[in-house]
């Protein structure tokens, strides 16, 4: 019924398809259960389709980030509508697309088996799943990172105009998505120069490398002045990395200590083997430069100057770890033993992910949505006082309510000119006024790291509670 060619294709691609489906199911599981958090509200707000392209660009680069992700999200909103689910599903699509991309990279660096195992590990990896569910640039960053390496190899092998243009395009998009993308492009250019002179000057590859470097540099012209200003900034929410940063990150990557220990063991096996295998020296060198160059620069800057190293930013190095671990598993000669080990790792990883894991190292767990939705449904023209982040959420949910800033409330309290009834979201932001507000409290409802309160003058007379508990 099936030819040998059909059977070969079946054995090659059906397992990969099943792995991709597994990764998609895990990423879509309860995707909208949690509220957008602060950074997501910023991303979705900046890419509001009512903003002009110029506004999206300037709001992004004047904050800290390169603009491409926000521009792409803006285009996605124009096509599919301005909704929370659109932003998160877009990230899921990128996260799922990463799985076959890592398969291709593992196959290119080593072989088919390594590619398949790397794809399987990426489909169940906790950090990749978590960041694939956030309306942020990290899924796009790691996807472009892997794809840029695939086109990097095509430049080295073919050295023609088409491949140079494709590589330049993806490398340019990478550095315009996130500043950590620079580390990957730096590693690629180091190897382009290395391959150009390793056995005598390869003129075609050297010229191709220079052309690609010029193209990437030209892509940065619109953001160059903002980049230089951002590099001077010293204020940041990121903390200086602790001595156990790497250990903590590696454990987080695989979800729990047991899986991290097993994968760490196979990673050590892989490194030991690669150090003595001559025909894989280039693969080892490339992966190590990808890892060590970026991490060392980020670590030194974070330790000596302004911290930039966070668990989320470390996502650019995840493919390196997964490919090393995959190579380690591929060294197990017995197919049954190898796949039993992989099944155990996957089952443990999936169970950890499904049992309400702690996301606090990757996002701030605040329920911003619930108080906003309560007010939309029940405010009845009652004034609202809240921070800018909540104003953004009202806009995202399509409400015409425009909260007043806390400063206005404080001024009105001082002048004894508050409205008869009013809401305050996140009352901790006005804790200095707690004594006066407590006397007017009508109803107080708490959510996850958040709250909403209804107040009324004259001890709440004529201002009945309209808030129901969550």
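These residue numbers are counts, starting from 1, taken along the chain as shown.
The backbone N, Cα and C atoms fix where each Cβ goes, and this holds for glycine too.
If you look up TrEMBL, you'll see 65-224 marked as domain 'Glycosyltransferase RgtA/B/C/D-like'.
As annotated by TrEMBL, transmembrane segment applies to 12-29 (among others).
Here TrEMBL flags 85-105 (among others) as transmembrane segment.
Under the heading transmembrane segment, TrEMBL lists 114-132 (among others). Residues 15-16, 19-20, 22-23, 26-27, 91-92, 94-96, 98-100, 102-108, 138-139, 142, 252-255, 263, 311-312, 315, 318-319, 322-323, 325-327, 329-330, 342, 345-346, 349-350, 352-353, 357, 359, 362-363 of the same chain sit 6 or more residues outside the transmembrane segment (114-132) yet have a Cβ under 8 Å from a Cβ within it.
Long-range contacts of the transmembrane segment (138-156) within the same chain, counting only residues at least 6 positions beyond its ends with a Cβ under 8 Å from a Cβ of the stretch, are 68-69, 72, 91-92, 94-95, 97-98, 101-102, 104-105, 108, 128, 131-132, 163-164, 166-167, 170-171, 173-174, 177-178, 180-181, 184-185, 188, 191-192, 195, 205, 208-209, 212, 290, 312, 315-316, 318-319. As annotated by TrEMBL, transmembrane segment applies to 138-156 (among others).
Annotation source TrEMBL lists transmembrane segment at 168-194 (among others).
Within its own chain, the transmembrane segment (206-228) is flanked in space by residues 57, 61-62, 66-67, 155, 159, 163-165, 167-169, 171-172, 175-176, 179, 185, 189, 192-193, 196-197, which lie at least six positions past its ends and keep a Cβ under 8 Å from the stretch. Here TrEMBL flags 206-228 (among others) as transmembrane segment.
Nonlocal intrachain contacts for the transmembrane segment (249-272), taken as residues 6+ away from its ends with a CB within less than 8 angstroms of a stretch CB, comprise 121, 125-127, 284, 311, 314, 318, 321, 324-325, 327-329, 331, 341, 344-345, 348-349, 352-353, 357, 361-362. Under the heading transmembrane segment, TrEMBL lists 249-272 (among others).
Taken from TrEMBL, the feature transmembrane segment covers 284-301 (among others).
The transmembrane segment annotation in TrEMBL covers 313-330 (among others). For the transmembrane segment (313-330), the residues of the chain that approach it from at least six positions outside its boundaries are 102, 105-106, 109-111, 113-115, 117-118, 120-122, 125, 127-128, 131, 138, 141-142, 145-146, 178, 180-181, 183-184, 249-250, 253, 263, 265-271, 273-274, 287, 290-291, 294-295, 298, 338, 341-342, judged by C-beta separation under 8 angstroms.
The annotation transmembrane segment is assigned in TrEMBL to 336-355 (among others).
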**Request:** Please work out which recorded stretch in 12-29, 85-105, 168-194, 336-355 has the most C-beta pairs separated by under 8 angstroms from the transmembrane segment (284-301)?
**Result:** 168-194
**Request:** State the residues, same chain only, that lie 6 or more residues beyond the ends of the transmembrane segment (336-355) and have a CB under 8 A from a CB inside it; answer 'none' if no residue qualifies.
**Result:** 26, 29, 117, 120-121, 124-126, 129, 254-256, 258-259, 262-263, 329-330
**Item:** Tertiary contacts of the transmembrane segment (168-194) (same chain, 6+ residues out, Cβ under 8 Å)
**Value:** 65-69, 137-138, 140-141, 144-145, 147-149, 151-152, 155-156, 205-206, 208-209, 211-213, 215-216, 219-220, 223, 227, 230, 285-286, 289-290, 293-295, 297-298, 308, 313, 316
**Asked** Near the transmembrane segment (12-29), which same-chain residues lie under 8 Å Cβ to Cβ, leaving out any that are not at least 6 residues past its ends?
**Response** 92, 95-96, 99-100, 103, 112, 116, 119-120, 122-124, 129, 132-133, 350, 353-354
**Message:** Could you tell me the mean pLDDT the prediction assigns to the domain 'Glycosyltransferase RgtA/B/C/D-like' (65-224)?
**Reply:** 96
